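Okay, so here's the structure we're looking at.
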């Protein structure tokens, strides 16, 4: 098992992944494991420090989440965040109670001990993000207050001699202005970690692992046109001789305008052989008459398996199947369930369908989405392909409200292409996290020239986000939106109205279906 400098024990917080991402961004390799991880497995990773995440439970509840008691005897530095702070307080003899006033949102942190290494070069007063219903009432012996807020007299505590620290706030959330700095201080000055983690070193390590795993056997790699599968293919191409890699691209007719051609051009540029299967007709037949979003997903998934299985059957000498499983998928498949979100086993995690006998190759299962993009650039993939906005697995099918047909896809593709052109020309494409159009199953009356029209409505959706878990609608200048609307209505026959979605997530989701 590889050495992990910082290990995060997950107690169910919606923010847990952010802890690992913030530390990795600063060059410190970090992994997330369930809070119930055994002390043997923790020791096997040889961590230099442990972080206890937040979570939805109460430490004084009968069924409270508790880590393996052995972690307290390792002598390692520990940082507790929110629920993690309450665990530390309780374990060392302090007391925790339900707070009179729940504290949610921004608060001002005042540092009481500027000499504490956790606060090295951190501003004495800064904004932090609180999200808790319980609080420490009495500190354990040996602990001191190192930070306070208006409603939290124990906002940050420390036992400097034991190298144990605890925050009532969430340093990992971007609203905590100095939070990343505090996490880096914990890793660097308290745990002694070095900033050696980067995509260059990861790529070399992973390429060596692929060569050792695959040997001289063949690998089948399904390519969707998305960033993840393209990066997987590029990494396999770097690791293996050309004759050992079989890349298959199923064109299901649900991609954005010219996207299938762009995928094929990219693989030519990278000199990676690509088998393209034109399955548009089969997918359209499978979607005929289907209007329910979940039924669309099911129909697309079943048809993809059928088409891919048929192609896989032609390659009887293949031993491995490559998948674009991400670290997010791995974490969520074993994560603690909490009220913040429903965690389910991801489609890329947990094995293969019964009909497949391949061994899996998953070169991305240790990294996050933003790291995948950095890895793609490291491997030489074109920036315009790596920087594309997220695109759903079922493709345009879930951006057509109602039945999917060729005419609906035409309207959607053309409107989406115009919107993207306008965003790029005005410099807003890279300023939003995701932007797309949705074809609504709504028609309305309009007037074009002297004629009455009764045509389709398109919704423009643009959001700002860090990771897609939460999102706010993008505040795009009206003249940019007006330009998008004018071009869509004037250039696409069949659309006479454009609306802008100003919903945030939550309560809405980013995609409409």
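Even glycines carry a Cβ here, placed using N, Cα and C.
On the 0 to 100 pLDDT scale, the domain 'Glutamine amidotransferase type-1' (5-196) averages 92 in this prediction. Positions annotated as domain 'Glutamine amidotransferase type-1' by Swiss-Prot: 5-196.
In the three-state DSSP classification, residue 82 (active site, nucleophile) falls within coil. Among the features that Swiss-Prot reports, active site, nucleophile is placed at 82, with the record citing sequence analysis.
DSSP classifies residue 170 (active site) as coil under the three-state reduction. Residues or ranges marked as active site by Swiss-Prot: 170 (among others).
Swiss-Prot lists 172 (among others) with the feature active site. In sequence order, 15, 18, 19, 21, 22, 81, 179, 180, 183 make up the list of same-chain residues 6 or more apart from residue 172 (active site) whose Cβ falls under 8 Å from its Cβ.
Marked as domain 'GMPS ATP-PPase' by Swiss-Prot on the basis of sequence analysis: 197-388.
Positions annotated as ATP binding site by Swiss-Prot, on the basis of sequence analysis: 224, 225, 226, 227, 228, 229, 230. Taking all protein chains in view, 29 other C-beta atoms sit within 10 angstroms of the C-beta of residue 230 (ATP binding site).
Reported as a whole number, the C-alpha separation between residue 224 (ATP binding site) and residue 170 (active site) equals 37 Å. A Cβ within 8 Å of the Cβ centre of 224, 225, 226, 227, 228, 229, 230, the residues given for ATP, is found for these other residues of the same chain: 223, 231, 232, 324. Put simply, residue 170 (active site) is 36 Å from residue 225 (ATP binding site) when counted between their Cα atoms. You'll find the Cα of residue 228 (ATP binding site) roughly 30 Å from the Cα of residue 170 (active site). Ranking the binding-site residues 226, 227, 229, 230 by Cα distance from residue 170 (active site) puts 227 first.
If you take the Cα of residue 227 (ATP binding site) and the Cα of residue 82 (active site, nucleophile), they are about 35 angstrom apart, rounded to a whole number.
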